[in-house]
Amino acid sequence: MVYENPDGVMVGLEIHVQLNKLATKLLCGCSTDYHTSEPNTHVCPVCMGLPGCLPVLNKRAVEYAIRIGLALNCEIVEQTQFHRKNYYYPDLPKGFQTTQYDYPIVSDGRVVIEGEDGEHVVRIRRAHMEEDPGRLMHMGSIDRSKGTLIDYNRSGMALIEIVSEPDMRSPREARRFLDKLRNILEYLDVFDSTLEGSMRVDANISIGGGDRTEVKNISSHKGAERALLYEIMRQKNIKRRGEEVVMETRHFDEARGVTISMRTKEEEHDYRYFPEPDLVPMRVGSWVDGILETLPELPDARRSRFISDYRMVDTHAKALTSDIRVADFYEEVASQVDPAAAAVWVSDVLKGELNYRDLTIASFTVEDMVKIIELVVGGKITEKGAVEIIRNILDEGGCPMGIVKEKGLLKVEGDVVDQAVEEVLKENPEALEDYFAGKEKSLNFLVGQVMKKTRGRADARSVREMMLEEIDKNYR
Amino acid sequence: MLDGLSVIRNKIGSSSAEEVVASYLDRIEKSDINAFTCVAEDAIDQAKKADSLNIEGPLAGVPIAIKDNISTRGLPTTCSSAILNGYVPPYDAHVIERLRKAGAVIIGKSNMDEFGMGTSTETSTYGPTLNPWDTERVAGGSSGGSAAAVAAGQVPVSLGSDTGGSVRCPAAFCGTVGLKPTYGAVSRYGLVSYANSLEQIGPLANRVEDIATLMDVIGTYDNRDSTCVNHDAGYTDALQDDVEGLKIGVPEEYFGEGIDDNVQKLVWDAIGKFEDMGAEYTKVSMPNTPYALAAYYIIAMSEASSNLARFDGTRYGTRSEGENWHMMASKTRQEKFGAEVKRRILIGTYALSAGYHDKYYLKALKVRTLVKQDFERAFEDVDVLMAPTMPTPAFKIGEKMDDPLSLYLSDVNTVPINLAGVPSISVPCGFSEGLPVGLQVIGKYFDEATILKAANAFEKNTDHHTKLAGEVV
C-alpha cells in the first residue's frame, strides 16, 4: 500500500525538549528541581541576568545533546559555539537568549516512524542547544489581568530544539513522530516527560505546495494532532475559495481547538544574531566516541530483542517498548515468571487498566504482577479473578493474596462445580431442550448459570466441558 | 609626591588602618573634583576589621576606589547611569572577593562615563570628573574617577576597566600608571558588560610596582568567566628594572596624523631614555591600524546593544511608568539612558540588523583578525611596542561633547590593543603645558612581566611620577 497524500500535506516540527534530568541549569549552578517550588526560589544572579554576571556552560548538557544527536542518527559537529538571539520580553531577563545559530551541535539525522503506509523516515534537519526563558503568570485571564507575575525558576533550563524536515504527511504521522521522539529521549535518560513544560512543539504546515503557516507553543502530542487537523481544514477551505494561504505565525487555542493568527511574515523579528562573546567556541569532536560507547539500547533495538528473546508477537513488543518504564517493568516480571504469560498480562491487561485510569506503570509493582501471574498460571485463580485483583489494587490498594482471601477468589474445588452443573441442568429443562433442538446459545446460558452459582470462581472453559460431559452421560 | 603602597603599609603598621582610611576619607570629603559616585559607609568598619584581624599582605587596610561598573555587594553599582539608580548588587565581582580577602578597604565607587561609553567621564549622570592638574579639563575616560582619585591622593590605588583605552586614557590624562591586562588575565565576573570581547578590569596606581601588587591579587583564575585563562603569572616576582637588550618596536602608524607634536616629542624622549638604559629600538609597521578604530566601534557598539537590553526597568534600578510592559520598558530606556548610550545602542542595533550584519559587523570581525596579525607579526621581532597613549593631553570640559566623531578619534592609539587582546600599560612620561602625557608600552599575550619591567625601569630612572598635581607649570 502506498499512501497517496491526497491534499499534499507537509508537516515539519520544531520540538523544544527540556533536559530536566540534568542536575543544574545550562549556564549556571542553579538546581533544575523547581517544579514543586515557590516562584523565583531557584534563581541566582546569572540566570536572573543581573548586571555583570557571566554564563558558564554546563558540560553535562553538551554531553546530553551529543547523546541525542547520536540516537537520532545525526552528524555531530567538530566545533560548536553559542549565539545571542536578541529580543525583548519580560520573561527573558538578559534581553537575549543564549542559543545556537549557524553551528548547531548536531544535524542531518533520521527517525523511523510507523507511517500511513508502513515504515516512514522523518529526516532531522538539526538540533541545537539553548536556554529556556522564564514563565509569565497572568492574574486571571490574559486580557483582563491587572498585572503579570514573572517566575524565573525555569529561566536558564537547558533545552534542545529538534527541527525536522517537512516529511510528515498527516497529523497522525506528526503525532507518531512526537511519540517516537519522546520514547527515544526517555531511553537516553535525558528527560522526564511527565514534568510540566518538558516538551513544547511548534508545527509548520502547508498543503498542495502552498505557503506554510507556523503554529506555535503546542503543549501536548494530542494538541499537535488537533492543531494540525484544524490547520489542514482551514487551509483547504482557503484554497477552495480560490484564495492563497499567507505565510504567518499562528497560536493554537487548546480550549477551542482552533488556531489564531499572531503575526504575518512582514512583522517577523530581526533577532540580530551574533556570537556570544562570553562563551568561547568549543571542540566536541573528541567526546563523541566515548559517548557512543555509553549509549543505551534504543526502542527499536529493544523491540527486536523482545521478539527474538521472549518470542512475543510484534504488537506486544511494540506496546511494551513504547515506554521505557513499561519495558523495564516487563523485563523484571519476565525474569521471574513465564515471559509469554507476562507479555500478555503486562501489555494487554495491565496497560489497558492503567490507560483507562490515566495512570503510569509506577502505580503498580513488579512483585504484585509476578504474584498474580503465578496464581493464574498455577491454576489457583481464574483469569477473571486476576483482572479483578489488578483493578482492586489500582482502585483501592491492597496486595494480591489479601484480595484473593477477602473476595474468595481461589478457584472452587471440582465437586462443588460438579454439583452446580447438576443443579443447573435440573433447574433449567427448557434450556436443555433448546440445546437439543440445536440452539448452541442455550449452552452458554447454562454455563453462565453455573458461573453465577459459583460466584465466578469456576473456570468457564472447564465448566463447559463438564456440562457437555454431564449431558452426554445423563440426559441423552 | 604621592605615596605608594609601601609607604602606606608602613603608616598602617605604625598607627592603624582606621586612622589611615579616615585621613583618605577626609581628603575625598574635601575634594571637589567629583571622582566618586558614592563612598562606602562602612569604610571605617572595614578598616577596623583589617586592624583587628591582623591580616598580613600588601593590601591589608589599604583603601581602594572601584569603578562604578564593578559589582560590589551592599554598595551601589550604577555605571554612572540613571537607569541603575538605587541598584545594589547582591554579589561581589571576582576582583572584589579577591580584594576583600587581601584585606583591602573598598572605600567607594568612582565616577565614569555612563556604562563606560566615553573618553572623558563627561557622559556620567553625576557630571564630569575634573582633572586634578587643571580642573577646567577632563580627567579622561571612561575610568576618569579611578584615575583622578589616585592622582589627587584620595586613594593610593583603584580599579578601572578598559574596553578601548578606558584605563590607559585617564591614566595618561591624570599622570598615573594604568594597566590594561591581557584579555583573559583578570576575571570579568561582576563587571557590568559594555563590550565583552574587548574589555578587561585593570589597576591604576602611582607606582608600577603597586600595579604588579594589585595584579597579583586580582589576576587569579576564576571558573565563572569562561574567557578567563588559568596561567601562572607572578606579577611582582617579574618586576625588575633591567632593560638591557630589550627590543622595542615603534609602530609608525601610532605617530600619524592627529598626534600632537609635543606628545610625539615626549614619547621619543622616553624611547631615548630606554636606549640610555641599554634597550634598542626599531621602527615597525602595523598597516591595518587605520581601520582599527572603525572596526572597534562597530564591534563595541554591537555588543553593547545586546548587553544593555537587560536594562528595561523590570527587575532593578529605576523605571518610568507606562500603560503596559513594553511602554514601561521603552519609556524607561528613553528617559534613563543618556544620549551617548542611546547613540551607541542604536548604531550597534543597526550594525547587527539583517541586511547590514555582513556589511558592518562581519567586516569589522575580519579587520579585527588583520589587526591581531599586525601584532603577531610585530612581536616576532620585538619584545614590546612603544607609542603615545593619547594623541593629545587632556582637553577642556565640553570641548568635544558635541562632536562624538572627534572624541572617538582620540582612542586611535588605544583601541587596536583591545581588538588584539594584548596587554598594555600607560606610564607618565612628562608634561605638555602643565598637563601629563602618557607613554604606552604594549606587550605580547600574557607577557605583562615584560611591560611591567620596562615601565618600572622607566619610572626608576625618571621623576615624572614624583610631581604633584598643581606643581607643574
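Cβ atoms are placed via backbone N, Cα and C, with glycine included.
TrEMBL entries are annotated by machine, without manual review.
As recorded in TrEMBL:
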- B:K67: active site, charge relay system (ACT_SITE)
- B:S142: active site, charge relay system (ACT_SITE)
- B:S166: active site, acyl-ester intermediate (ACT_SITE)
- B:19-452: domain 'Amidase' (DOMAIN)
Q.
Let's check the environment of B:S142 (active site, charge relay system): how many other CB atoms sit within 10 Å of its CB?
A. 35
Q. C-alpha of B:S142 (active site, charge relay system) to C-alpha of B:K67 (active site, charge relay system): distance in Å?
A. 9
Q: Could you say whether, by DSSP, B:S166 (active site, acyl-ester intermediate) belongs to a helix, a strand or a coil region?
A: coil
(Q) Are there any residues at least 6 positions away along the chain from B:S166 (active site, acyl-ester intermediate) with a Cβ closer than 8 Å to its Cβ? List them or say none. (A) B:M112, B:D113, B:G116, B:T119, B:G141, B:S142, B:S143, B:G160, B:E199
Q. Tell me, how many other CB atoms lie within 10 A of the CB of B:K67 (active site, charge relay system), whichever protein chain they belong to?
A. 32
Q. Taking DSSP three-state, what's B:K67 (active site, charge relay system) in: helix, strand or coil?
A. strand
Q. What is the average pLDDT across the domain 'Amidase' (B:19-452)?
A. 96
